[in-house]
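Noted in Swiss-Prot for the protein shown:
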{"type": "COILED", "residues": "261-305", "note": "coiled coil"}
{"type": "COILED", "residues": "520-587", "note": "coiled coil"}
{"type": "COMPBIAS", "residues": "287-297", "note": "compositional bias 'Acidic residues'"}
{"type": "COMPBIAS", "residues": "528-553", "note": "compositional bias 'Basic and acidic residues'"}
{"type": "COMPBIAS", "residues": "576-589", "note": "compositional bias 'Basic and acidic residues'"}
{"type": "DOMAIN", "residues": "346-440", "note": "domain 'BRCT'"}
{"type": "REGION", "residues": "287-309", "note": "region 'Disordered'"}
{"type": "REGION", "residues": "503-589", "note": "region 'Disordered'"}
């Protein structure tokens, strides 16, 4: 007879640990424990059966025992204890009213660095890119906050600097893909290292900082995200051969928002020294360019390399391709890949050789970013402390004037006056849309989300169809083929039967009998019905061969598909009713 096992020595009870027990084991306060878990990426877990853990079903927070044991070896534990000692000494000196001692203690404040945690949580650079969405959302949010008692000015300035550096990379790499204006903010989506990165940037309005938000927790996330984005920006700049941190004086023409008023004054005073430094940096970059390209992975080369190296890589791929393999497998050839790359490159240069001028009322911080990301040139008037753009409003090269007002006092010939939505719709359509529907004072078409992909059974608004047709320069009526213009189909069975009858009569069967045109539609309908019946019979036979589990799953899929179709029909009918009501109101007027 084996030894009787005691309760709590094996199974679920040994895999989970309550939060209070974990705090006692680590000898930390609850605030420090929460901060450590956020920095290390450890989150609470829900046991499958709470009663087996502690014998109670009360609401408690549990963690994996292995995660808590992992925290025992974290160097930040000692740093937190030093901070606790520092706070106690500082409080004691302030109570004794010793300003000299307080100043000396503040100079020796322990610094918490999370550099090692970034490498620990993201072993590869692609892992960091995948987890960049929340990081960018947090930093763009804090970059719009004003200075308060909780939010320090130095923290806000650092967020703005890192966000501007990231936007400058997106502009240089032509990585922006989609933009959407919502009531929450502006959604951006970029493709970096083959990974899709989506973030939201708030509108630059007066921000009212809420009081019911725990900024201590958000500050802990912000501390980690600041370090993460700093490392990511450094690596991204290295892939393009750019100097980091960027020389904002030289990049003013591409990202003027990244340079503050103080930097602009310093740039005017030290123009010669900056030019010499930039020349030295460029020379060093040219010398190390070949070595850096060899160290980069193939994915980085495909994104950052010039077009001539892309052409060489495609030619190499074509030479290495095996015709036998290509014939047996549906493998894209080098020419197909080259065409796809050329199409993608053209989509990122839709504003190439176009000159834009922004009026004062439009959101320059967003329009400048998206226009430059797609190869356009942009300028603006001087406003408050901001300096004017590279060219004036009367420049003859200007092709598009972005205005968000009913009318303008002065107009220039040879340029289009459009509203800001035209820029964003062109980006999402990947083509230059007609400007007739975006003129001054015009009722704008709906700004549809580019993140919604309609399926075969989903409802597609007429505006979406018109937008897709305009992007492809194809009229909506050309997408459907009239049945009367379709090529006539001849049933093989009818031809064989008539040939056999002609042979029995002794007629010449060299030529097939000409089909009467009146029976074409009927014959096509009969053939379609036969094909549909055969398809239904095949499906029923396949369902009989399914197991009960697969048949249930299949029925659920079919039911869901029918529900989508019914919902799409309801939306279509509702839209038709709304259009009829609108047309009736217009006719009455």
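Cβ coordinates are placed from backbone N, Cα and C, and glycine is handled just like the others.
According to DSSP, the secondary structure content of the compositional bias 'Basic and acidic residues' (528-553) in residues is 24 helix, 0 strand, 2 coil. Note on the compositional bias 'Basic and acidic residues' (576-589): DSSP counts are 13 helix, 0 strand, 1 coil. On the 0 to 100 pLDDT scale, the model's mean across the coiled coil (520-587) is 81.
Break the domain 'BRCT' (346-440) down by DSSP state and the numbers are 24 helix, 16 strand, 55 coil.
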